[in-house]
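Remarks on the structure that follows.
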Amino acid sequence: MAWGRIDDKMHSHKKTMRIPRARRCEAMGLWGLSLSWCLGNANDGAVPAGVIELFGASASLADALVEADLWTPSMDGWRFVDWPRIVERSRNIPAAVRLAVMQRDGFRCQFCGATEALSLDHIIRFRDGGPDTIENLRVLCMPCNLERG
């Protein structure tokens, strides 16, 4: 069984809010069903046009997800934006390193100053070889971390 991550603030995330209110629930339903389908088919976040037809959705609804920067068009349909981040498994950063970074950064997001929904962000991204070191980590809130992509 595969798992995908969604932000606990997705309901109010700026990308979600870009979708017109009258279509927001329907579009995010398509996003969620498509996420489940992609995870079940292990296809790296590609959403073929036939899949949205299967769900009873329209291309214009998929385009609303593109306009919100949640999907991007592809040759045969659409793709999830930042798929690797959606499916990445959390890595266990040692507790001592985590605490040292949190203390150094004052338990605050280094971008906006928030004190809730905090996470650790790799300055040099983990996928680019960035290490889990105090020097390469900083505190960001989840919205800022997701914004960074």
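Placement of Cβ uses the backbone N, Cα and C atoms for every residue, glycine included.
Automated prediction, rather than curation, is the source of TrEMBL annotations.
Keep in mind that what you see is a predicted model, and the values were worked out from it rather than measured.
Quick look at what TrEMBL lists:
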DOMAIN    96-146  domain 'HNH nuclease'
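Here the domain 'HNH nuclease' (96-146) has, by DSSP, the following mix of helix, strand and coil residues: 20 helix, 10 strand, 21 coil. Per-residue pLDDT, averaged over the domain 'HNH nuclease' (96-146), rounds to 90.
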